[in-house]
């Protein structure tokens, strides 16, 4: 892909065209455990870029291997030798924290396709930093709001013991009004949840909320389904993503999860995106692909309005969010994080494929809890 | 905190212990007999899980999947022994660590090329799915009981093999003095390949059995590998009996401290910091256990050599 883009750029140069006006550096995870997330981010982003078919934008893509030190090296390389104007693509919050503040301090724009930690939304906000995905707490807040709407009175909540896990349970509790039957922090990367499931069984809970991204969620759901505990389960979309659901199988069917996007979301941009993605890559898109696609379209809309070298004008152009988001109505709050709906999805089986459908709205036009803390 | 919950947690600890034993047994055999530190043991665990998931996906049979896991892991083990490991027996441990670490990277990216980046699906067989009610009204997943049973059976089989067969005698002799048994006419290189394949097959079996209740994904072996190293350090390097006792100790400590420490801390402090501090300390518990064992017995519980 990188070669392809470089080749296009070289061809443009050879044809006597000018150098690309805007150079975008994408740092994302393309190998190792979390590769499926980065690959979807890249594929969604590049789908929008190729649809636009423009020769004034060039994209360089590098693999951060999910390692903060590698991400920092790549960012330095892209800033200093590739001279990129915009960085994007990082999946993980710890990598974003290592790269984003340094990049924006050097006058670059950073558009987040996924990671959006609280630090960058509140005190650490920056006029050159935009989160196109969400603020990290949003989906957990949506799950809390749904638990309240569903009338749960005694929820058992669990998440891994690391910053995003603690933020998750805090976000859930911000919108959940019932009692807690238990609050458990598991080890990061834990693969066996027998002990926690036994605690859930003994706790007298009426429902379970969990945030266990990636393989952790697969393990939990399979083991939960086999345990004979049949309390309703709620979680954020991360554990019910298109790539993950096929590995969980029947165990996930019927589970409710909160998400800002779903493939059946009824708007024109989304229908076109889902069809084009399937046609090009022969699989269903995930939320990461949707966020990558939106990020590219937002960037293109701003390039049409302003010069990327004029920081204030370009930031203003981005903030207008003048693009057709696959998530429907979309705008930016004062701290450059989205105002959008958080939906409730249910896992269903469509033919042989496990996927999600929207069954309700947990939060409407929801921003985030850090807007007031951001002094831009 | 009811008795039922405690018994259930003890069963969970046992189950994770016997699965750890399958990993640790191969690791300790390879270290004991050949003096080799094999970091790629976790990759063999992953190979077993992926082979099982692939075969189960095509045939739908869990038994065939297990056979495939054993065969694929043993084959992978034999191949890397002949191609790479054989050259490392006389090198020092740092070279072995470097070379076997390279094998981890090769296996991980190779698996990703073949199977893609998305986790695979491997389900437990229908006959073993769902919970059973044990005496005393304890609901416990049947599959996990089966895992405990299989683990104990394999442990017994290994004991028979090591203590009661000719090959076992050669393996024990190889641990004590490899020059001498070579001089006595035992084909030492064939014995090494065999031991390596046996250890690999056990890791592959563990990967397939555990893969059915977890996520079959690239890199799944490394967290287990770390635990398996803790187990063999506690049990004494080279000792199968030590690996068995060590695995059960680690499994039980890991499970029980993780559950009960936050509850104990809640007696002294607020719930939220108690759960967070409790789980942080709990994740250190097995390493604390390891340090205590090493202070008491520097060569591990059943270690022969200091």
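Cβ atoms here come from the backbone N, Cα and C positions, even for glycine.
It should be emphasised that the depicted structure is a prediction, and the values quoted were computed from it without experimental measurement.
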Quick check on the annotations: TrEMBL lists transmembrane segment for one of B:142-162, B:163-183. Which range is it?
B:142-162
Which residues, given as numbers and ranges, are at least 6 beyond the ends of the transmembrane segment (B:20-40) yet have a Cβ under 8 Å from it?
80, 85, 88-89, 93, 96-97, 100-101, 103-104, 107, 151, 154-155, 158, 171, 174-175, 178, 191-192, 195-196, 198-203, 205-206, 209, 224-225, 227-229, 231-232, 235, 237-240, 242-244, 246-248, 250-251
State the non-local partners of the transmembrane segment (B:219-237) in its own chain: residues 6+ outside its ends, Cβ under 8 Å from one of its Cβ atoms.
20-21, 23-24, 27-28, 31-32, 39, 41-46, 49, 104, 108, 203, 206-207, 210-211, 243-247, 249-250, 254, 286-287, 289-290, 293-294, 297, 299-305
